[in-house]
């Protein structure tokens, strides 16, 4: 069904037909997400070792929720409560991709090597991408996604130039609408993987057991890292072909994750609240924390209600954040009422000022003393006013929840709000005297304030770093499509009375730093700036300075056979129609290797390289940001083992 809808979506130019097909794709996508969620529940049901673990909460594009009934005391003060459900994102889906043809052709044309000899590396890359399409919903899945993301950064640095792409078409399905989008830019592949890294963090955060402190901490960190992934993607990726990766959508998702992290912070305050239920200052603190959560969700709701985000985000998401905004606002008034009516009266000096706890009317600039009155009757009347606002807010939250039409009802949220409403009504009946006919006081708004403001954190992109799959092609500083070079050799270099007559420097590859005029190296044709790539038939692109020097000295009076590459000016990539290798004209490195017995080096672990982004901006002071691709194609800086050495 989805394939047929995709074909019609691409073929038609009628806007009304495209809207109908997009709706059909959204419907199909929601059912696919539901099926994946049910399969995940079956899989997690077999794991009996984790008590209280929530089933997979991979929300479909119409706002499906998954959560678990959890016991424990939360910040609302109830000992048997249900955890408020969170909104996780579904992963973007993609189709299989054939890397073989373009990579083999590029390796043969630009690098001058036999592309067929890299069949194992290409299969490894394809296997990694295939596994990345269905990652597990845990840390292992994150490592898999980041490992593939790291390889994409290395592919970008080695094979691509600003003027040339791989010629592959990368197709991904929108996470929110299910509509397919495709681009020929590798940046779209990288951006989609980074989006899935953020989406997987949301799923990990939503399935945490937030009845315990450790679960709350893990949930906060997961939502922070999800927000960091969306922030990085919004900063790096432009002209997104799919709605879920547009700047407006990513901004809304980032704010949603920060609001959910703030909600988890509020839930983590439950132990201190339960140890001192009659502590007036603790109740005021909880009230301001709840007001902070409500303010965060109001901002999210405003963002989601505006076009174009309103057209893409599921309506159930918009309603859910609206319900949460009303619920936590009512919870703030409830805790103020508890501070007024149930807490032990505090001295005037111990209480914060009225301006520190409550928002002031625009026309009011006169100081109003302590936050809470000291007389019992005034405390009762003001507490009753705050309870009235709490009841009205909870009734509004239930009304909004009832009006929301979703594929599957989120009963847990209804239970949370209904339980809070019953508690507020019971407390209000205690304070409502039959002979009290005086007009109720006006309850001011609670000032939002938090002691722990979550901040977006970059995902751990470095945890997926591993050896470059195409490590055998040589160090990226020299052997990339951004550079052009020619192969010189074999050059027979003998030792004279003054030695070889050259100075070597650096590692991987070793650079000819200087050539003595009239010396043996100059007579053999070596030039300053050449890189040594083979010594006596042994490839040495990854050799250290000391290893090359030792091999040359061991050659004795018979001399050594060298192959070097000389970088050419410019960074243009030869056309793929030109079948001649760019390394050495008609013969190239491939034929020279066959004639002189050069063996392809076995893959070894490369030195760590920074992740490479698709934006050319240098990110300073940001954890996990991608560095600027392509080091200068010049001499490597001297290292302790690669200091200039004269031979």
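Backbone N, Cα and C define each Cβ position, glycine as well.
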Can you identify, from 439-464, 465-490, 491-516, the stretch that TrEMBL calls region 'Disordered'? 439-464
Among 41-72, 73-104, where does TrEMBL put the label region 'Disordered'? 41-72
Looking only at the domain 'REM-1' (1-48), mean pLDDT returns 58
Other same-chain positions with a Cβ less than 8 Å from the compositional bias 'Basic and acidic residues' (439-458) and lying at least 6 residues past its termini are 220-221, 223-225, 227-229, 231-232, 254, 257-258, 261-262, 265, 285, 287-292, 294-295, 329, 332-333, 336, 356-361, 381-382, 384-386, 388-389, 622-625
Tally of residues which DSSP labels helix, strand or coil - the compositional bias 'Basic and acidic residues' (439-458): 0 helix, 1 strand, 19 coil
How do the residues of the domain 'PDZ' (490-557) split into helix, strand and coil according to DSSP? 17 helix, 23 strand, 28 coil
